[in-house]
Amino acid sequence: MASSRDSTELMIQNVSSCITDVTPLLEDDYLDSESSTYNPIQTALRTSFIVLNSLMVIIGNIFSLTVMRYVDSPRFPPSSKAFLCNVIVWDLAHGIFSILYVPPAALNYWPYGQFLCEASGFVLMFINFCCVNAAILITVDRLLAVLYPLRHPIMISTKRALAIIAIAVLFALSASIATFAVSADVAYSNDTVTCFVQWSRVSPANLFRLIVCIGCLLFLPAVILVGCYTKLYLVARKHAKRLAKLRRNASACGRNPGLTVTNSRALRMCLLITATFCIAWTPYAIVSTLNYVTGEDTHPLVDFITCWLCLCNSWWDVIIYFFMAQEFRKTARKLLCRRRL
């Protein structure tokens, strides 16, 4: 009788221990499902925002890529078209990849498992680095086109442009590996609807990851973009003074509108690229740094806006190229008129 009672108690203990062991697995499958801070209306709004944002990025960049195939202008030699297509392709990849986050936004938990969570975080970081590098390359290319208008096609050949793009992609891959190296704490955040490195002070390696991430995503690109814009501004101002002097010295020597308009367009394009880049990435960098320094989480809405504001930059670029590049506009109109016919 005693042995029967002991065996029954042992069986109950084994069953209870099995239930205890299984419970964490079930909780891992539904990350953040119970701790969601979003009500149904907020969930619907943020899901709609992600869907709309992704569609705008995908449709806009597919249209831009189609237009670039037919652009034929001395202002856009093959090397410049390669740099511009590089921007469009990575922006398009950003939009396509963001569709992955629509189900988690609607369900309020990550349904794909921990492995895909870590993999998606790495891929997202890699695409972000590639987008930033592409914006830098096209800005530097526009600067060289203004500084050396005759030598630019020879200086930056198509093969050199492709080699530079390949080096930029390798740099993005290296920076991504450095960010996720040494057992990075990658987890799904229902506030930002992304899987990414958690910027906590628990791991000393997170300081290194944060420096690499912020330095390569914001600080270094911002310095390069601002430097290019400053140089373009000085060149445009110098040309304007020369033209004003020519007009004063000889009334017969009229203004050279081609040079002025070209410099003015390049200046405005560089300014818009720099401004939109800083608007998109600065809030995320500030919030990530504050989370690490203070060890406290910011408001969920702030996390969501700062994170997804970075994606908006992928369709802002389409608007910039459409309104700043006259050749791009003309080609787009021709294609639209041809489709209507």
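Just so you know, glycine gets a Cβ as well, placed from its N, Cα and C.
A quick note: this is a predicted structure, and the numbers were derived from the prediction, not measured.
Under the heading domain 'G-protein coupled receptors family 1 profile', TrEMBL lists 60-321. The transmembrane segment annotation in TrEMBL covers 49-71, 83-102, 122-140, 161-182, 207-234, 266-286, 301-324.
Of the two recorded stretches, the transmembrane segment (266-286) does not lie close to the transmembrane segment (49-71), with fewer than three CB pairs under 8 Å once pairs fewer than 6 apart in sequence are set aside. Counting Cβ pairs under 8 Å that are 6 or more residues apart, the transmembrane segment (122-140) and the transmembrane segment (49-71) reach fewer than 3 and are not in contact.
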